[in-house]
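Below is one structure, written out as structure tokens; comments come after it.
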Amino acid sequence: MDFLPLFHSLQGRLALVVGGGEVALRKARLLADAGARLRVVAPQIHIELRHLVEQGGGELLERDYQDGDQPGCVLIIAATDDEPLNAEVSRAANARGIPVNVVDAPALCSVIFPAIVDRSPLVVAVSSGGDAPVLARLIRAKLETWIPSTYGQLAGLASRFRHRVKELLPDLQQRRVFWENLFQGEIAERVLAGRPAEAERLLEEHLAGGLAHIATGEVYLVGAGPGDPDLLTFRALRLMQQADVVLYDRLVAPSILELCRRDAERLYVGKRRAEHAVPQDRINRLLVELASQGKRVLRLKGGDPFIFGRGGEEIDELAAHGIPFQVVPGITAASGCAAYAGIPLTHRDHAQSVRFVTGHLKDGTTDLPWQDLVAPGQTLVFYMGLVGLPVICEQLVAHGRSAQTPAALIQQGTTAQQRVFTGTLENLPQLVAEHEVHAPTLVIVGEVVQLRDKLAWFEGAREDA
């Protein structure tokens, strides 16, 4: 190990930055974020760097560096494009025993800056020892996606209760087990879900009860998006990997289901038109029953759970029974499939609004507000509209929409099996029969469809027409 990782307390302490350009500004921002007072020396100083120093009550020395600029400093940064000057700053710092960093010159450094993931008070540092800084930044980028932004709040919660827990659990091993359970349990999940006050209340109750605790279940209502696993949110993926039970729909792609925790129980509750594997009211009750057993229940739905996903009905039942839940939105099919098909839903020249419409109603009909749907300057997106497509096209034309209005069918959008067929209201039902189009298929109607010829970028199954 060429460098020993340490964390340096700079709160209220003086740091010298030699240099006044963009590079010096970047280093100065890091120092200021750590609470350091800045002394900047350079003949010319970047305007933003000047403001940064002034805001922090630091010192601006608009002149050349001098050997006497170091007194009182606990850290020195050389950030100029003058190599002899940088070497001089390094020699002077080393002679005085002051840690020094010279930008892009590891051999002249006694300390180096890592790539930083900041979830203060939790901080993660990644370093290549100056040998491969780009690689360190790439690793940091991965960590940024893996570590939730609310981990800082979680660490802060632990800090506030640390001494009380130590009093209740004087044994080190017992404390370690306590914190491990807390960081992986419902209290941590409340923080990560954006409910820190609730988490603190639960922890208070837990400690007041002498650490006796009964596990409380929770339901995660998660949108799985339109099919491409890369479109999942970070939060969705995290919850998928910690749930005890998964209730999933027919529209959840197998590749997404595979990302769930391996040992989680999986229950298929999918539906298709006139064929419900599990009735909706039974799904609602099942969520309540499983969560009441203390289980973490993942309700995984294709697209977004609040857009034609009946998510509102499910959480209404949970709320009525006092079951904790959180909702994770997903990319809805209209947005995802249209984007992968190269069809912008709005466009300044073609559509100033977009309307999402269900293709069949609760009683199986397509009794829709047709007059509203033929208003100019709008794009229509029909979910579950394949069976009722002949009626949809007929009624739109009957109520004033041109039979030559561009329209598209997007089957299994955003996946490798995606197929897109474009036509008009007049021939769209015929395309379904000719190409044996099947569900899940999204229907888009509007002038924006004609832009697909120019904007299509995703290949999919390459059977488009």
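Each Cβ is built from the backbone N, Cα and C atoms, and glycine gets one as well.
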* Have a look through PRO196, PRO226, PRO229 and flag the one Swiss-Prot assigns to the S-adenosyl-L-methionine site that GLY302, GLY303, ASP304, ILE307, THR332, ALA333, MET384, GLY413 belong to. => PRO226
* For the NAD(+) binding residues given in the record (GLU22, VAL23, PRO43, GLN44), what is the largest pairwise C-alpha separation in angstrom? -> 15
* So, in DSSP terms, is GLY413 (S-adenosyl-L-methionine binding site) helix, strand, or coil? -> coil
* Structure fact -> Whole-Å Cα distance, SER128 (phosphoserine) to ILE307 (S-adenosyl-L-methionine binding site), is 46
* Structure fact -> The rounded CA-CA distance in Å from GLY303 (S-adenosyl-L-methionine binding site) to LYS271 (active site, proton donor) is 15
* Asked: At the Cα level, what's the spacing in Å between GLU22 (NAD(+) binding site) and PRO226 (S-adenosyl-L-methionine binding site), rounded?
  -> 43
* Asked: Least buried of the binding-site residues PRO226, GLY413, going by other Cβ atoms within 10 Å?
  -> GLY413
* **The one of PRO43, GLY303 whose CB sees the fewest other CB atoms within 10 Å, among these binding-site residues** => PRO43
